[in-house]
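Going by TrEMBL, these are the annotated features:
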type	residues	note
ACT_SITE	D522	active site, 4-aspartylphosphate intermediate
BINDING	D522, K523, T524, E617, F660, K684, R713, T794, G795, D796, R876, K882, N905, D906	ATP binding site
BINDING	D522, T524, D902, D906	Mg(2+) binding site
DOMAIN	160-212	domain 'P-type ATPase N-terminal'
DOMAIN	929-1159	domain 'P-type ATPase C-terminal'
Amino acid sequence: MSRRFSFSEDNEGDSFDDLDVSLDRALNNASNNLFEYNKGHGPNGSRQGSQGSMGAIPLSNMGHSFDRIRGEDEHSDSSPLIANQAYSTLNRSFSSSTSSLNLGGGRSLPFSLSIKRAFKKGINFFISAKKELNQGRLGVSLRDGNASDERYISPRNVKSKSSDAYPSNAVSNAKYNAITFVPIILYDQFRFFFNLYFLLVALSQIIPALRIGYLSSYIVPLAFVLTVTMMKEAGDDIARRRRDREQNNELYEVLNRTPNNLAQDYKLVPSKNLKVGDLVRLHKDTRIPADMVLLQTSDKEGTGEAFIKTDQLDGETDWKLRVACPATQSITTAAQLINTISIIINPPTKSIHHFAGKLVYHPQSVAGSVSPTTGNETYALTIDQTLWANTVLASGTAIGIIAYTGTETRQAMNTTKTGVKTGLLELEINSLSKILCFVVAALSVGLVLAHGFPLRDTWYIDILRFLILFSTIIPVSLRVNLDLAKSVYASQIHKDNDIPDTIVRTSTIPEDLGRIEYLLSDKTGTLTQNDMEMKKLHLGTVSYAGESLDIVTDYVTNMLTILDAKPTGATKKKDLSSKVCDLILTLALCHNVTPTYENEDDEVNGDVSYQAASPDEVAIVKFTELVGLKLFKRDRRSVSLLHTMTNQTLEFEILYNFPFSSDTKRMGIIVKDKHHDEIWFLQKGADTVMSAIVNTNDWLDEETGNMAREGLRTLVIGKKRLSSHLYENFVQDYKKATLSMHDRDSAMQKVIGQYLELDLELLGLTGVEDKLQHDVKTSIELLRNAGIKIWMLTGDKVETAKCVSISARLISRGQYVHQITKVSHPELAMNQLEYLKVNKNACLLIDGESLGMYMKYYKKEFFEVVINLPAVVACRCSPQQKADVATMIREITGKRVCCIGDGGNDVSMIQCADVGVGIVGKEGKQASLAADFSIDQFCHLVKLLLWHGRNSYKRSARLGQFVIHRGLLISVAQAVYSISTGFEPLALYQGWLMVGYSTLYTMAPVFSLTKDNDIDEHLTRLYPELYKELTLGKSLSYKTFFVWVLISLHQGIVIQILSQAFQTLDQDKFKTMVALSFSCLIYNELIMVAISVFRWNKVVTSTVVITLMIYVVSVPFLSDYFDLEYVASFSYLWQVAVILALSLLPVWISRYIERKLRPPSYAKVQQD
């Protein structure tokens, strides 16, 4: 099949296809003769001629080394699913014919092929660049097609041009390629005003009238900034391409690309070349390369079951069960699998939990048909038959057909490129830099006007020259310094042994860790351990907890006798032992837990581990095992329970399973008791939905509230016996609903509600405890004392959330809790907030229904009241509500918001926050992967904010001030010189002096401030109130900015005026004056760093000393700029000493006096 090259998105590339055809025509004719020969002389004597035949030999395979292919990719986990259909021997005339074909196929043919290859290689570079540039746009256009169009996919059509209508399966996370790298980098850099400003300044030196100094004086600093940025971006992109290349070149066994007269029944195809319709064989622990439909597994019992790991897709660490369609599981040959099946699917969607499709099984009489016919058998495809891309096959071997590739896979469609987050400090520096821009313009115009009227004819050129001279006021290196500092902070966080395994995923906002004022937290897995333990059973009249659970064990000991003695279908009132046994049996059956064994010895010894989507279910199953009823074995069709006291096995057939979902909030199962030949519907779920499903009672609401107040997670358990007639009617209607291609889920749920979810017998309640995480109480108390307002947003019940809030000290002892629940009328809503307007020290407890109503009708009024409260607890919140709350707090307050969570339902909230923190927990890594910072425990957040946040903010603030001071200092000296020379735009420092000043001579000491800290680490926990000062932004404000401006003015004027006074402005004294002035600038900056350091360390000391030595050593090489005889004289030394004393002493004295009269808070606690 020819590869299409086109510079457009449509089919204009057909001209290249025509070129392929014309160039290959002679070779194809020769190969056809060879195929005719094999047709009559092959091992079978004939070759099938139907579509999709396994006997055709693709031309591309003729030059392959069969010995190499035969030895590749051998797996030991299991045997291949389908027996090898290739012939054991090859006709020896094949290779000789091929050889003679290549030699005698015409002398002009190789030359033509080489021309074609050279031409294609020449444009391939530009083709790949164009594809990468348009990848995102093409992905969007593919998704914007007609959503109602169904797709018909067949493994027989994979080689046709129709397969090219789908996206390529190549993965590309690279931001650039060889063509786009420089343009995109330059655009990203010069869209910032400062870099564009310096580019214009540099380019202005090309104009003779504007030329002031050497062009290198202005190009080198800008080139340095761009070089550092480009090296960083290039390194990151090369790493991304390397990862992409490894993934794209992974080899997979494709069954429908190789004919069956080769030595094996598959062809090894790189992941990037896989297409829709390919039949791919996967082995254990293999990454799934594209979205696939499972067709067959190596399950020993032939049930078609396989497990997959989805933690890289949805963040959940439990294994998911997948089941192949029965029609394809029984197929034994590759040819039959290729020729007898096809699938019908909907266009791709983002949902990873829903899938609707059909598998069409073609009997042999209609094999090869291109569309469904009346003679075909149709089977429903659901989420249970899917293998999503980037999940991993956890067991056995499997065969699947590729349904979606590339940008249409679920993983790609759910990968959103979040915008680059900008820190608050960077915004503040940008606002200060605007003032500097105004200063440059005003100073330039002012000096021209000061020359006197009438203005010279070249006044506008003079203004431009002054703008160029004072360009150093706007520090070009500021962004580079701050970006490099962020990398330092990230490294320090990563290497902190007190918070191990902490990962910085967004390195652009570490300073914001020191500016957080609102913390929005999930409950389960974030404040709690997500480590569930069964604590209580309640049966309406009696409850069991603690030591009384031993009574349950006694009842279960006699379970077999109790169940056998119970009359079938009895309606009389059951005794307590029967109720307990019914409840325990239901708990042991009604779940989606799968027992797994590492090896056969574990299975013999009973060493079982449980896999489930919910820790609650594992806790319940472990409880039933503890009381004597163990989950021994489970597959898709059956479940076996082991009665540990008698060692007898209870066998049940699974007829239907209805998994838990966040929409239904319940799960159910239909089982058949093989011993009693009864069909039962068992169900458990949240009390909010189950109360309407179970039969009438007078205790459920009260007891769920009581258990919630104890901090327990409750589930309501019920069951119902199904008659044969009722079950048959349900099966008939439910099967029709499963084949619906539109609104399938709602149709299925409607049938379930109609037949099953009516008048269930209420068996009881379970109470599961979720323990608090380590050191949560202390951590929350420290964060509250630090002035951070904490909100807990959870999907749990009101009473449970309230209890956990109190035990975690989110709600203080004696603090009034104002509760707003079930508010559904807008006219009553505002009255509920009146109390909070008066008592702002109260805590608000609100449910999701009421919160949704406020968000719809009184969004602004509601948040203006609650943002001042010390704590807010929102229950029954949806993931979108969590995200909306974070967004509204940011919009209304303008403060920094931090969101922390551990599950997939917290991702939206985390991404909407200024700072998102994810916890690696039992729910998986999805929140951690989506967050800016990843931690292992909630208590690690304290050090992340109070210590690393403080250091990052205060260090960057001082770094920014010093860089601005450095630029102002040399600009003030230039301004003084210009005024002294009659307002002429003449350069004071040129060439290397301008370059070296902001790089080699001052950069390292100034940057070493990123290793300095003002207080000891333990004081941040001892005095968490210090964090409040950071949120006020006093470290970098207009006040501190103008203080530094005054310091720069004083020092710049003193240095330049005294230098001119000592050496005069005579032309023959110019080099002497420059040597004195420039040296004082360097020494002044180094000493300013020294007197500003809080704590001397090796880094600060070494950078100051080494930089001073570098300057001293470089002075002899500056003869073009300095008078070296003067520098070697005693006059140079005493004049430098005088200037530095007058420049630095007033600054040091003023700082000393202010520190004594008004010491900062950190100084007070440091002295204590």
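Positions of Cβ are set from backbone N, Cα and C atoms, glycine also.
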Secondary structure composition of the domain 'P-type ATPase N-terminal' (160-212) [DSSP: H/G/I, E/B, coil]: 30 helix, 0 strand, 23 coil
Between N905 (ATP binding site) and D522 (active site, 4-aspartylphosphate intermediate), the C-alpha gap once rounded to whole angstrom: 9
Among D522, D902, D906, which are recorded as recorded positions, the nearest neighbour of R713 (ATP binding site) by Cα: D522
Using Cα positions only, nearest of the recorded positions to D902 (Mg(2+) binding site) (D522, F660, R876): D522
Other CB atoms within 10 A, centred on F660 (ATP binding site): 19
Distance check against D906 (Mg(2+) binding site) for the recorded positions D522, T524, F660, R876, keeping those with Cα within 10 Å: D522
Site with most surrounding Cβ atoms, counting all protein chains shown within 10 Å, from the binding-site residues T524, N905: T524
Among D522, D902, D906, the one of these recorded positions whose Cβ has the fewest neighbouring Cβ atoms within 10 Å: D522
Neighbouring binding-site residues, C-alpha within 10 angstroms of the residue listed as 'active site, 4-aspartylphosphate intermediate' - of F660, G795, R876: G795
Tertiary neighbours of R876 (ATP binding site) (same chain, Cβ under 8 Å, six or more apart): T794, G795, D796, K797, V798, D847, G848, E849
R713 (ATP binding site), number of other Cβ atoms within 10 Å: 22
Where the record names D522, K523, T524, E617, F660, K684, R713, T794, G795, D796, R876, K882, N905, D906 as binding ATP, the maximum Cα to Cα distance in Å: 26
Local confidence of the prediction over the domain 'P-type ATPase C-terminal' (929-1159), expressed as mean pLDDT: 92
Neighbour count (Cβ, 10 Å) for G795 (ATP binding site): 22
